Amino acid sequence: MQNISEKHFVIDEHLEYPVENIQNPVISSLSERDAKVLWHPFTQHQTAPFSIPIVRAEGVYLFDENGKRYIDAIASWWVNLHGHSHPYIAQKVAEQFLKLEQVIFAGFTHEPAVHLAERLLELLPKNQQRIFYSDNGSTSVEVAMKMAFQYFHNQGITKKTKIIALENGYHGDTFGTMAVGAKSAFTAPFDPFLFEVIYLPIPLKGQETAVLETMNALMSQSDEIAAFIFEPLIQGAGGMVMYEPEILEKLLTIAKENGILTIADEIMTGFYRTGKMFATDYLTVKPDIFCLSKGLTGGAMALGVTSCTQAIYEAFLSDDRRKTLFHSHSFTANPLACTAGLASLDLLLSDETQAQIQQINTLHKGFSQKIAKSLQHKIADIRLKGTILAIEIKVSEGTSYFSNMRDIAYNFFLEKGILMRPLGNVIYLLTPYCISEEDLSYIYACIEEFLEEI
Ligand SMILES: *Cc1c(COP(=O)(O)O)cnc(C)c1O
């Protein structure tokens with residue numbers, strides 16, 4: 001690293017503009033340089049502090065410019081499975097780069113794309129027969145919805161223009177995915193442009209019967225409904241809200257009986273987050289379309305997958321070119337990203353990782369039972385599924401994302417060297433699977449301290 005920045009300096013001296021206009025990388029910190037040129041996601045720059053400059057990462061640890069260490073307790077926005085800068089993934093990607101780094105995916109193919117599709121189809125339910133690649137979670141959902149609408153369109157069914165979505169959902173930040181997600185301050189400026197969606201209440205414990213009745217009532221207009229989209233078992237961005245497989249199974253059955261395609265957004269829940277490969281592995285009824293991303297490459301590279309049934313795929317086969325699925329991204333099926341995906345699956349299915357996944361669940365269970373008693377008066381709800389633990393803190397004022405609690409908690413844990421990003425008053429752990437018992441114990445102790453203090 002030292003050499004590279006020194007070299008950079010030499011190059012700078014040859015630039016034509018006056019020296020005083022060049023930012024000096026030695027005296028100016030990364031954060032200050034960042035603040036002059038960058039615009040960050042989900043960030044109100046008027047009030048946000050400087051961005052923390054991370055210079056390297058290893059395992060569950062992030063290291064900043066000053067050498068401070070942070071435990072990445074949210075897997076860098078839910079993507080990282082095996083720890084950062086994993087040498088196995090790094091080596092596979094480096095080898096692939098020297099062979100083939102990128103090639104157009106229309107009219108051409110390559111080994112990593114084919115092999116990853118083969119392996120994913122082995123892991124997905126049997127009804128999944130085709131893999132369509134894109135770049136990220138939002139695009140995988142866009143593709144899923146385009147598949148669903150065009151599936152009917154290609155068969156001359158033009159009335160099916162509506163989608164059922166769960167209230168409080170999150171499916172991405174593009175227009176189509178904002179339309180099927182929860183409406184909030186995040187989407188308000190765009191609401192006039194978002195297509196109409198029928199919202200179904202979340203089938204929370206105790207409300208299953210009412211939700212079933214609503215779903216059944218909606219079926220009177222099933223000839224206008226193309227698809228039912230949902231985050232299976234856990235609504236991530238909505239606050240790690242959890243519901244049971246049995247009710248989802250019933251909702252899927254109703255949709256299927258009424259000719260409505262079912263889309264499982266497993267972008268957050270996939271790859272053993274819930275304790276099984278996919279959250280829908282807890283069900284016997286299988287969705288028609290799956291959306292995958294985030295953990296797909298172990299969190300190393302951007303990649304999205306939309307998988308579907310043979311029936312959906314076949315509805316696009318025709319001598320009529322207009323029945324083609326007209327969707328592509330420049331980096332569709334990037335060979336490096338597919339290679340990272342293959343390497344991640346090797347690690348994910350290893351005995352060691354599988355044991356870690358069990359261990360995290362066991363430790364989370366013990367901790368949640370402990371604080372459910374000892375800190376009962378501070379906690380509104382504790383939710384645990386697989387490797388995801390969410391603690392909803394009791395608060396008197398509003399419980400929205402913008403509530404104070406979020407900032408207080410975020411800063412408290414950062415100070416302790418833990419990266420957590422509470423969702424409103426919900427603090428949660430969604431760590432890389434390689435986290436040690438020692439690091440988890442430290443995080444638990446900090447959570448207890450935080451709950452005692454507030
Ligand atoms: C993160 C997420 C998305 C969006 O994925 P991006 O890669 O951020 O576009 C969609 N659905 C769910 C359930 C997610 O958690």
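Positions of Cβ are set from backbone N, Cα and C atoms, glycine also.
Values in this document were obtained by computation on a predicted structure and should not be read as measured data.
Annotated pyridoxal 5'-phosphate binding in TrEMBL involves Gly137, Ser138, His329, Ser330 plus, out of the candidates Asp72, Asp191, Asp265, the residue Asp265. For ligand 1, the neighbouring binding-site residues among Gly137, Asp265, His329, Ser330 are Gly137, Asp265, by Cβ distance under 6 Å.
Secondary structure at Asp265 (pyridoxal 5'-phosphate binding site), as computed by DSSP, is strand. Whole-number maximum of the Cα to Cα distances across the substrate-binding residues Trp77, Tyr170, Lys294, Ser328, Arg421: 33 angstrom. The sparsest Cβ neighbourhood within 10 Å, among the listed binding-site residues (Ser138, Ser328, Ser330), is found at Ser330. The CA atom of Trp77 (substrate binding site) is located 14 Å away from the CA atom of Ser138 (pyridoxal 5'-phosphate binding site).
The subset of binding-site residues (Tyr170, Ser328, Arg421) lying with their Cα within 10 Å of the Cα of Gly137 (pyridoxal 5'-phosphate binding site) is empty, i.e. none. Fewest other C-beta atoms within 10 Å: among the binding-site residues Lys294, His329, Arg421, that description fits His329.
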